[in-house]
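Straight from Swiss-Prot, the features:
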BINDING   Gly9, Ile10, Glu11, Ala12, Ser13, Gly14, Lys15, Thr16  ATP binding site
Amino acid sequence: MGFFITFEGIEASGKTTQINLLYDYLKSIGKNVIKTREPGGTKIGQKIREILLSKWDEKFPYIAELLLYESDRNIHIQSIVKPSLDAGYIVLSDRYIDSTTAYQHYARGIDYEIVSYLNTLATDGLKPNLTFLIDIPVEISLKRLSESKDRIESEDIEFHKKLREGFLKIAENEKGRFVVIDGTMDIMEIHKIIVDSLKQRSII
């Protein structure tokens, strides 16, 4: 069985940069590793991602949004994550179930039990072995975002504040799985903390 590592954070937190750095490092020391993302880790998922992030001139109900995320996740788990773990790979995923809990429950206000049930259904109960939360203040997140924001990035500041609070609550409730890192630090300093965390857990 492999090892499943997820990276979480609000928009423009720097998690994708850290996944890329860790992926390159693990490859350099001879580890079997893949990197993937949600939404959009599969060909079908890329189409779902386009729908989710595009701006529409018609109502996009929150439940419809949630179901699309979970559809993407189910395909992703069955096609990429589980087969890779079964083959003994380290799997690095840019977002996973904690993003859905933060975005759809804490920020959108959908009932926690609904979100939790659908997360479990889509993943067959598969949880990450380890999750890195790259935490940055909302003001820095919004400053880092480009002018051409997608549908989610374009939400108001209150949405992003609820999102950050949600991620921190999730991490507080599952301290054994989470490593919370100050995302305002130097990129390579963050990378070192991540690598050291893996060494401390005898993953590498």
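Glycine residues also receive a Cβ, built from the backbone N, Cα and C atoms like all the rest.
Looking at Ser13, Thr16, the binding-site residues in this record, the fewest other C-beta atoms within 10 angstroms of the C-beta turn up around Thr16. Neighbour count (other Cβ atoms within 10 Å of the Cβ, all protein chains): 19 for Ala12 (ATP binding site). In the three-state DSSP scheme, Lys15 (ATP binding site) falls into the helix class.
Under 8 Å, Cβ to Cβ, and six or more positions away along its own chain, Gly9 (ATP binding site) finds Lys15, Leu133, Ile134, Asp135, Ile136, Phe167, Gly183.
Sequence-distant contacts of Gly14 (ATP binding site), defined as residues of its own chain at least six apart whose C-beta falls under 8 angstroms from its C-beta, comprise Ile134, Ile136, Gly183, Ile187, Ile190. Around Glu11 (ATP binding site), the same-chain residues six or more apart in sequence whose CB sits under 8 Å from its CB are Ser141, Leu142, Arg144, Leu145, Ile152, Glu153, His160, listed in sequence order.
Taking the mean position of the Cβ atoms of Gly9, Ile10, Glu11, Ala12, Ser13, Gly14, Lys15, Thr16 as the ATP site, the remaining residues of that chain whose Cβ falls within 8 Å of it are Ile134, Ile136, Ser141, Gly183. Cβ neighbours within 10 Å of Lys15 (ATP binding site), excluding its own Cβ and spanning all shown chains: 24.
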